[in-house]
Ligand code: ADE
């Protein structure tokens, strides 16, 4: 998979991809993430990428030209399966959307800033708009990093234990069961006996029941 991210604040995206699982995934050649500085595509001598909103009002709007210059340059070398715009009014991101995106080949992600992008970009060039929640961030970069993290960890070979993504919360519309590690007893607090029993079937059943109980209690809306 190849992911290209367009931003006017590229430094915000240096650390999420420079560490841990995301870095390993790139080192293993399972994904390549490329961050592009939108200002480099401005034709203005001050590298301007935004301008006043027609009709007035506070806040600047991201201009069409630098974005289209960047899209066209990238599209000359790569066919994108989705051109995504990160925006608080987009489709709500979820495990289902992450699963779907993980099956795509190449993704192009545009991070919004200021009051957002000129509507004509959204209307004519964007294929999908994603929000990571009902709150407004100062830009789409952190949201793009969230989406990339959730997608990349699903790519085959990224996680060392291949099955572990399948048992994540939300994979079956259930939250994950509780987990424990050694010691079996710490300051009087014990690990449930069933987990020490060695009986795989019983452990599997217990985990499933716990998932259902937890989902009912914490996220009842997930259970249909
Ligand atoms: N940009 C600003 N806020 C956002 C959000 N909640 N989701 C995605 N992109 C955003």
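Cβ atoms are placed via backbone N, Cα and C, with glycine included.
Taking the Cβ of residue 135 (S-adenosyl-L-methionine binding site) as centre and 10 Å as the limit, one finds 7 other Cβ atoms among all the protein chains shown. In this structure, residue 135 (S-adenosyl-L-methionine binding site) belongs to neither helix nor strand by DSSP; it is coil. Per TrEMBL, the feature S-adenosyl-L-methionine binding site maps to 112, 132, 133, 134, 135, 136, 137.
Marked as domain 'tRNA methyltransferase TRMD/TRM10-type' by TrEMBL: 1-223.
Residue pairs drawn from 112, 132, 133, 134, 135, 136, 137, the listed S-adenosyl-L-methionine binders, are separated by up to 15 Å at the Cα level.
Residues 112, 132, 133, 134, 135, 136, 137 make up the record's S-adenosyl-L-methionine site, and a Cβ search at 8 Å around their centroid adds 88, 131, 143 from the same chain. Fewest other C-beta atoms within 10 angstroms, among the binding-site residues 112, 133, are seen around 133.
Taking the Cβ of residue 136 (S-adenosyl-L-methionine binding site) as centre and 10 Å as the limit, one finds 10 other Cβ atoms among all the protein chains shown.
Per-residue confidence over the domain 'tRNA methyltransferase TRMD/TRM10-type' (1-223) averages 94 (mean pLDDT, predicted model).
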